[in-house]
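According to Swiss-Prot:
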type: BINDING; residues: D13, H203, H205, N239; note: Mn(2+) binding site
type: DOMAIN; residues: 4-268; note: domain 'Pyruvate carboxyltransferase'
type: REGION; residues: 392-513; note: region 'Regulatory domain'
Amino acid sequence: MRRIKIFDTTLRDGEQSPGASMSVEEKVEMALMLEDLGVDLIEAGFPVSSPVQFEAVKRVASAVQKPIVVGLARCVEKDIDAVYEALKDRPKDKRMIHVFIATSPIHRKYKLRMEKEEILERIRRYVGYAKQFFDLVEFSAEDASRTEVPFLIEAYKTAIEAGATTINVPDTVGYALPDEFGELIKTLREGVPGIENVDLSVHCHNDLGLAVANSLAAVQNGATQVEVTLNGIGERAGNCALEEFVMILKVRKDKLPYETGIKTELIYPASRLLTHITGLIPSRNKPIVGENVFLHESGIHQDGVLKHRETYEIMKPSDIGRSSETLVLGRHSGKHALRKKLESYGIKLDEETFQKVFEKFTELADRKKEVYDDDLFSIVSEVLREPINGYKLVHFHVHTGNTLLPTAAVVLQVGDEKKEAAEAGNGPVDAIFKAIDKALGIQPKLEEYIIQAVGTGKNAQGEVKLTLRINGELYSGRGVSTDIVEASAIAYINAINKYLIAKGLLRKNGGAE
């Protein structure tokens with residue numbers, strides 16, 4: 001069987017999905033999970049784009065051991081320098097730079113305003129420049145699927161001659177059909193001089209729902225590497241979903257003689273961790289990881305599954321690490337039991353972080369008695385978020401009822417400074433938001449508000465993820481509590497703190513400016 005490399009770009013392209021931003025600590029923990037999952041390469045970010053992106057790539061590179069860590073760069077000298085600075089301490093055989101430039105007519109005319117020869121010269125110059133610092137260089141022709149094939153062949157030929165070790169073919173806007181994308185890969189395999197000496201990679205977007213199908217067609221026509229994201233997250237409609245591509249190869253190995261290094265029993269835990277970190281919940285009918293995948297409502301289906309699971313299931317829940325045993329721990333559980341449970345899901349924490357998780361676990365166990373898997377994922381993702389020592393909710397009081405005008409009073413504190421306010425609203429959540437606005441003198445616009453249960457049962461926690469627009473910019477916040485009003489207030493304050501820090505109105509170590 002032919003081995004297919006899995007290039008995971010959850011931390012880079014996946015994070016570009018609206019609302020999916022991750023802190024440095026969250027990226028590091030997700031990278032450790034991806035390493036355990038068995039991916040071959042991890043694209044950790046775009047270092048030149050921001051100090052946070054640079055730090056994330058640098059930290060991921062120092063945290064993981066086995067995968068090749070990749071940084072993204074345009075065909076621009078400062079981009080390449082930034083990737084090198086972020087990855088220079090990593091062994092040469094475990095670091096890669098991914099350089100790209102658009103090649104399609106529409107990009108040449110409207111975005112780059114360059115002629116073909118100018119683009120070829122940039123490829124020659126900057127792939128060569130990257131090669132001075134990296135043994136492993138991936139080159140992508142952005143929007144390859146809408147590029148004239150003769151020019152695409154010339155672009156890849158130029159990149160290989162300049163030192164590229166991987167050639168990546170992106171279907172950037174998810175435009176290609178499987179048969180034509182497969183034919184394109186075959187044409188490149190046969191027509192690009194030197195391509196037999198490099199990896200041939202594909203990067204498919206899901207705008208027409210064909211990212212996985214196009215990736216499979218590419219592999220069937222000679223691709224040796226597939227770029228994916230967990231849960232298929234990514235810009236617009238997302239990317240080729242890791243879990244779908246890998247499980248198709250596993251379930252249909254009778255027709256697809258390819259294998260990967262993915263430990264499929266860690267797919268579901270990895271998916272759940274990402275969900276809790278980003279707040280992006282896969283649809284219930286999402287293949288492989290959706291909540292409905294192993295549920296059967298039809299009486300005929302239920303009868304068949306009870307008699308023999310394979311009547312209506314082509315894979316077992318255990319194949320992806322999914323267990324029906326969701327109740328895990330309680331108030332009398334100790335550190336050893338908690339650590340063992342976390343490690344069974346591939347979650348490895350340093351001692352300081354684990355201690356914080358344990359403290360929050362014991363607090364939660366005292367409040368709701370029974371702690372479920374999703375509770376643990378939520379606690380871990382909460383602890384991993386970079387601490388923002390801004391305003392904290394010290395006290396709140398809500399007065400509401402079906403015959404009363406809902407009112408809320410809040411006390412907020414940052415450093416030694418306290419602010420108090422009370423307001424009425426259209427419901428308790430609206431009232432507490434307005435009280436916070438009044439206390440801080442800010443008027444955000446609520447763009448998105450999502451609440452979901454964490455765990456099961458009447459005493460489940462509520463997790464709130466929201467997005468605020470403040471002065472034209474978006475800021476996300478997240479809060480978890482057994483009280484949904486409190487969870488909402490925590491998330492709201494979290495988003496406002498991000499705005500205040502970004503604008504220099506609040507010091508990161510606490511205190512208003």
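Yeah, the Cβs are placed from backbone N, Cα and C, and that goes for glycine too.
Taking the centre of the Cβ atoms of D13, H203, H205, N239 as the Mn(2+) site, the nearby residues of that chain (Cβ within 8 Å, site residues left out) are T9, P170, T172, C204, N206, A211, E227, T229, G234, E235, G238, C240.
Here the binding-site residues are H203, H205; the one with the fewest Cβ atoms within 10 Å of its Cβ is H205. Looking only at other Cβ atoms within 10 Å, the busiest spot among the binding-site residues D13, N239 turns out to be N239. Annotation note: H205 (Mn(2+) binding site) sits in a strand segment as assigned by DSSP. Model confidence over the region 'Regulatory domain' (392-513) is summarised by a mean pLDDT of 87. Classification of N239 (Mn(2+) binding site) by DSSP places it within a strand.
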